[in-house]
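According to TrEMBL, the protein has these features:
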- 876-927: domain 'HAMP' (DOMAIN)
- 944-1158: domain 'Histidine kinase' (DOMAIN)
- 204-223: transmembrane segment (TRANSMEM)
- 230-248: transmembrane segment (TRANSMEM)
- 268-292: transmembrane segment (TRANSMEM)
- 304-332: transmembrane segment (TRANSMEM)
- 352-372: transmembrane segment (TRANSMEM)
- 393-412: transmembrane segment (TRANSMEM)
- 643-667: transmembrane segment (TRANSMEM)
- 688-709: transmembrane segment (TRANSMEM)
- 762-780: transmembrane segment (TRANSMEM)
- 817-836: transmembrane segment (TRANSMEM)
- 856-879: transmembrane segment (TRANSMEM)
Amino acid sequence: MLTFAGVVLMVIAFGPFSLSNNPAVVARRVSAAVEHRVVKLESFMAMAMEEDHSGWLELDGLPDDMVIYRYCSDTLQSWCNEFPIYNDNLQYRVYAPLLASSDYSLESPLAAVADTLSFVSLGSDWYLAKTLAEDDCLVIGGLKIAGSRGQRGAPEANEHLNIPAYLSVRPISTDGGFAVTVMGRPQFKLVQESLRNPGHSVSFVLWIGLAMAFVGALFWLSSSRTLRRLRLVLLGMFVVVCAIYGLGWSISDQYVIFSPRIYAGNGVLYSLGAVVLINLAILMTALALYIVRDALCSRIRSRTAANLSLAALLLAVAGILTFTFFGFRSIILNSGLNLELYRLSGISTFSVVVYVSFITMLMSVPLLLQLYRPVAFEFYSLKYDAFSMRSRVVYAAVIAGYLVCTTGVLGFRKEESRMEMLANRLAFDRDISLELYLRGIENQIAEDPIIAALSGFENTANTIQNRILVNYFSRRDMNYAVTVYVFNQSNNNRASAALYNSLVRGGQTVADNSRFLYVRRDSGRSYYIGVFLYLLEDGSISRVMLQLESRDMGSRSGYADIFGLAPPGRVALPDGFSYARYEGYELKENRGNYAYPTMLDEDEYRSIYVDGADHILKNDHIHFVTRVGEREAMVLSRAKITALTYAEAVLFLALVEFLLLALFSLLMGREKPIIFKESYFRTRIRGVLIISQVVTLTLFSVVSVVYVYNRNENNLNTAMSDRISSLTAMVEAEASNVGSFIDRGNLLRLIRRISADTDSDITVYSPAGTVLATTTPFVFERMMLSGRISGEAYGNIIYGHQRYCIFQEKAGRARYYSMYAPIIGGNGGIIAIIASPYSGENFDFGVDTITHAVSIVSFFLLLLLLMMFVVTAVVDRLFRPLSEMSRKMDNGGIDSLEPIEYDHKDEVYSIVQAYNSMVSKLSESSRKLAAAERDKAWSEMARQVAHEIKNPLTPMMLQVQRVRRLKEKGDPRWIEIFDEASSVLLEHIDILAKTAEDFSTFAKLYSEEPVEVDLDKMLQSEVSMFDNRSNITIGYLGLSDARVLAPKPQLTRVFVNLLNNAIQAIGDKDGGRIGVSLRLSSTKEGCYDIVFEDNGPGVAEKNVERLFTPNFTTKDGGSGLGLAICRNILERSGATISYSRSFALGGACFTICYPISGGSRSVPDSR
């Protein structure tokens, strides 16, 4: 069922009838969402109308995509959130400040909003807006549908409406598309963009369906773990993966994860989706094989099959590791993804996908190794556990170390390439589009008769400048300030010549025969200067110089940084980087926070210009060096990544891999359940210690993270409050005797000077909340910000009488802090409100907090694991004497108890001493009891031997007496009877001889001297001797050159006896199997294991304890001495023999553990 549901989801995701991919269905869904939000907007508008009109409007819970303005008598009295417009005054007035720019309309766009819901354009955004009127109060409400504010012009739909990225919002008059109806009226359309990706919204459905299908298949396989189902599951997975792989290839432009925009590999790895599919297929295959491991291992019955399966295993593991190496390396080098975990700001969703994919796929290696574990033990005597605690720790550490090292090395190589490209761009820091435009208009300016005429008069620079602006730059979005200088006979002096020379000094023509030059100063300032010569009527020559310098984007920590803007032609530096340009030894230009030396020392000069170093490590910074000329070099610098940072990344990945392995081990039921009743005190003590450690570490981690977060917040608030207080004091110092700011020119000069002194962007609002002056007009010209002050800030300052206030605001997707403060004039009233944003490289407390939290959590988990190990070790050490006492009492008989060594003088010491005393007494009693039992056993043996001798003597005596009587009587039959009696006598004499031989063997064991014996050859000889029955197959798995010291005849008798017993146990049953193997012991070092096993009935559980006792037998006619003699022979050679049920064959299994050195000799028992 789960598999079927997954397949359905995949079909829905890929199918042409996909509901998520159908614009008509999306339009209906968006209609419902918009109607819901419009109803919510109307409820807030009603609340705004009902509240006191003389007080400030406060609408708690108003969403950020809704805007409400309340007008009283055509005057804006309160507002919540802001429309991105400059003029919100409903009265038709002409304001002198608005004449300065054609971008500002004299009529407010809000005047077009009616009392019915309509789709209107307000500034850079599209809204559904309407009005609500009552008496002299008018409420205008708007729901944002789409806009581009703060996103460099990129369209952006309201995130609350869940409009897919491949659909754009357009007016209802647009051709095509699908209309969105609100309250029964079509308001706007959703139009599919051909260059956008329609499949991103269903990608999640695809992977959920694939995961469900695979998990369902594994559950189905688990219900019946047969090879037939395995083949079906693997075939099904292969078909599904190939289908998705092929479809992803064919429609890569519709699915982001299959698109080359994310990752463009070669061949099989054509996209990130392909890599994820292959990783998933490897993991699922390993899981499927592991589930049916018992069926697979049962098929491996010979050494050849074991060798072939081992070769296949090694090839599979090598293939997985090779694929990981090349695949992970390719993703790092051929994608724009940041996989360096220590750079959290650059981690994206796809970066997480890459790590999850490879980490889970690499779990297939321990799965395959664990699958082969029974075969390795049976055929190679290898004993391991790929999921043991030690194996998990080692494997997780190795994988994490490899991934971090790979990303570090290859990421640094990519960074070097990026820095080289960036350095070359910085070396050519010019605006190509402007240069092309200047080339197009320079001849027109040179031939302009009005400019030529004006250039001969005095003080005509401003007139010429206006002429140039209107005629040549009016239709161009100018990001440059234009300044005109005129040099003629009226200012033909030394000062003018010096100015002229300073403006053109060091300039380079933008093209051959061009009048424009590009000038770059050592300070980093650059501009374009055009020189135009005009011949005047009196024969003199006038020179007009046209200077174009990029407009100031404000401070580095202001709106330019918030919106990611840079002056035209200027390359923005990445966060955390600094830049310097050297010519020879001298520093010519620099940017950033790093303190570059003004002069290079000899070592630095040699490294850069002579040795050709690509990077230099100095002052805990990495300096990337690019030589752009023979004696010119560009240096880009960032802080060095410390070894602790790398260690944190390794630790984090290792913990993730370890926890995944532990989770898998738990799900597969490999973890041994804790029997609480049998370990009551130990479990309670361990539980209390672990819980206390968990609580302590958790509280420590939480307190540490909260402390860092609060510290950063306090530092941020302190810095911002100090900044706004300083700005306010500087402005008020100039306005102490002013009742209002009437002269806007003086106000603009004032805030520009303060902005330059404090490196801040400053905007001054009127007491009514409109913009008076700003140092960053571009944010209002481009409608990135509203021309109206934040309503919350205005309410707090004007109505709440706060001295300053700080809020986090949002423009598009950009979030930043804004600081507001009133400017108090000479009359004690508020004459303006000053505002300034706060951002910059030195403010990234969010990333700092996340980094700290990740570090704390990683070390917390590490310490938790270490504490669990330590607690377990301490508790086990505490209970070791008691456990050892219990183990020895359970495993040892009354005659084999051993004392416990315990040196600590504590509570357990008295128990150990009492136990040792008991063991000593029991040992003595056991020795005496054993001696008595041996005497009794020999007495029983003697009686049995006497009985065995007596039994044949009676018929022998009767036969002799019978012959003697017949002979005495002279009966001629005595000769005939004599022959019969002789046969009987000889038969019983053989019985007596065999009895005597058995008794002699038991009484005189190990009389032979030990010699060097080749066990492998001896076993092969015995196996070949017995391998002559058609219904029994004897298999032998040997170990070459296995030599021991042993009494060869006696050891041969042991082997013969065990083989005879196995053959007799099988009997005449068809399909009999006997296995004999020789291997290094897996339980006792320095010994060989000689194993005899069969598929017979085995020994009943009740008879196992008596198996090696003299006179005990389970066979008809058996003497009961065979196994007893075998054990006696082996024990006197220092070896042991034990019985168990055969795991492979199911019958009896006898294991001889024989010392390689031959063991120690003992003196035979004299009795």
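Even glycines carry a Cβ here, placed using N, Cα and C.
Listed by sequence, the residues of this chain that lie at least six past the ends of the transmembrane segment (352-372) yet keep a Cβ under 8 A from its Cβ atoms are 257, 272, 275-276, 279-280, 282-283, 285-287, 289-290, 293, 296-297, 309-310, 313, 316-317, 320-321, 324, 327-328, 331, 337, 339, 384-387, 391-392, 395, 399, 403, 653, 656-657, 660-661, 664. Looking at which of 268-292, 393-412, 762-780, 817-836, 856-879 has the most CB pairs under 8 Å to the transmembrane segment (688-709), the answer is the stretch 856-879.
Counting same-chain residues at least six beyond the ends of the transmembrane segment (230-248), those with a Cβ under 8 angstroms from any Cβ of the stretch are 7, 10, 14, 206, 210, 213-214, 217-218, 220-221, 255, 257-258, 271, 273-274, 277-278, 280-281, 284-285, 288-289, 291-292, 295. Outside the transmembrane segment (304-332) by six or more residues, the chain places 263, 265-266, 269, 272, 275, 278-279, 282, 339, 354, 358, 361-362, 364-365, 368-369, 371-372, 375-376, 378-380, 403, 406-407, 410-411, 414 with a CB less than 8 A from a CB of the stretch. Mean pLDDT of the predicted structure over the domain 'HAMP' (876-927): 68.
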